[in-house]
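The block underneath contains the structure these notes are about, expressed in structure tokens.
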Amino acid sequence: MEWVSRQDPHLREVVWFAVCCRALTLLLQAKDVCWTSILSSFFQALFNLLIPDHAADAFCPPRLAEPGLWDLLLERLLGGLSRWDAEHFLFIAERGYLYEHNCAFFPLYPLSVRAVAEGALWPLQRLLRLRSRLLLAAVLLNSLFSVLAAAALYKLGCVVLQCRRVAFLAALLFSISPANVFMAAAYSESMFAFLAFSAMWQLEKGQSWLSGLLFSLASGVRANGLINAGFFLYSRGKSFALQLQVGSGSVRKLPPLWKQLLSAASSAALMCAGIFLPFALFQYYAYMKFCGPGIDLEQPVPKPLLQLALDKGYRLAAMNGVKPPWCSQRFPMVYSYIQDAYWNVGFLRYFELRQIPNFLLALPVTLLGSWAAWTYIIASPRHCLTLGLERRKSEEEGKPRAGFCCPAVFVYVVHCTVLLVFGFVCVHVQVLTRFLGSSSPILYWFSAHLLQEYEPLLWSEGTDDETAAPRSEKSLLCKSPGSCGKGTSENPVVRLLTNCRLITRLGKCILGFFLSYWLLGLILHCNFLPWT
């Protein structure tokens, strides 16, 4: 893939900025390390004093092996990235799916972590225990995937938006994502974002089979990867609808209608089957492990882990020969059972007075996503009503509108809105920030669109063909691909941050949301406070 191009300074800047942001995140989360200045040491000590580690009732399996000196040092440096769900991924990578509720976490990410720990980090086995090598492998993998995800988002934005400046700014905003801490911690968000954005990019380029493979891998990382099948269904449906609208005077000879319909349906069904295959295989694996005939543990379970199961009520694969209740369901799916039985996930179940703080945490991303959908609907009402299936004159002339409100963005707005509504009414609402931040490019595209349109500091960016005009001339709305130009490779996020007194209130709100949630995530997650 074209990740680094010597002819594209924007891409190099995106990669460099992503690397710097990831390094800063790792530095800020480190606990009790030797900082480079007395002032930073003072604030670090004050922070640890005022906000001690929260005694959360989260999954925390006992460490069976006695840690060595290097293990303790690594825990000091990276221990903040192994909280909450990260414990599940690291435990699965070390011991497999021992407990029933571990099956809520899909296998591709922990398998990758284990492969890196046993492969690339094998020379460190005399210095570090397996668990420490797994943590180090997770941090290295996520650092790599987050950088590649930023590059893939930039490439995707260039193709979809047809506006290089907005795509550039959106990719930079991804590197300071509100979900930044989850991109660094031992979570699957970075890997999923990389696979999802890369698959979307390849689909836009017409590489259907490669896109299908990447989407399939993404569904092996997170369950919401199944929703990505909608991109294939829409792509095939749109192609079929536009073919039907080709005029009778067209010189292009089209095959019969039934052949077109059969081709579109078969290719869409085949791709969707490939996307659903990892999910189905994993459910089958869980069924055979916990419900299959003659179930038994492959190897004896250490007593501390057995005691943890008794204390917490965790179900093992062979607990007294009693099968779980989901095994007798007509469609036995362990994933939906775990979400219901262990975490009380369901329609409107989270709508309680005591959850108001969590709804407040999710309010900024909810408002931003809703605003993005509303802006697109207002800008292109006819396009939305026709679901983008109507051939427009601008498309026939080869001059489609560019920018956030261009026709190609429609399917991404629908995808983001579906995730937003589902996450708000059906799951733990505090996960919305990382849920949308790792799955949809809309939050970054829309934020970049607002900054590019309303922030005067960004209007001075020139292009290769013309200099930027005042906003009154609407030169920055990207109404046509030509109006976007290539622009300068100067980092617009750095420009805004270094001139924060001159930016508008809207710009302060957007950057404040991204940066404050980045820091808030570090504070809450790395100190074991509720933030998952």
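The backbone N, Cα and C atoms fix where each Cβ goes, glycine too.
Residues or ranges marked as transmembrane segment in TrEMBL: 134-154 (among others).
Feature annotation from TrEMBL assigns transmembrane segment to 166-188 (among others).
Only residues 6 or more beyond the boundaries of the transmembrane segment (261-282), in the same chain, are considered here, and those with a CB under 8 A from a CB of the stretch are 103, 106-108, 208, 212-213, 215-217, 219-220, 223, 225-226, 228-229, 232-233, 236-237, 239-240, 255, 335. The transmembrane segment annotation in TrEMBL covers 261-282 (among others).
Beyond the transmembrane segment (359-379), the same-chain residues lying 6 or more positions past its ends with a Cβ under 8 Å from any Cβ of the stretch are 178, 404-405, 409-410, 413, 416-417, 420, 424, 429-430, 432-433, 436-437, 442-443, 445-447, 513, 517, 531. The transmembrane segment annotation in TrEMBL covers 359-379 (among others).
Feature annotation from TrEMBL assigns transmembrane segment to 409-432 (among others). Residues 160-161, 200, 224, 227-228, 230-231, 234-235, 343, 345-348, 350, 355, 358-359, 361-362, 365-366, 369-370, 372-373, 376, 380, 383-384, 387-388, 439-443, 445, 530-532 of the same chain lie 6 or more positions beyond the ends of the transmembrane segment (409-432) yet place their CB under 8 Å from a CB of it.
The feature transmembrane segment is assigned by TrEMBL to 509-531 (among others).
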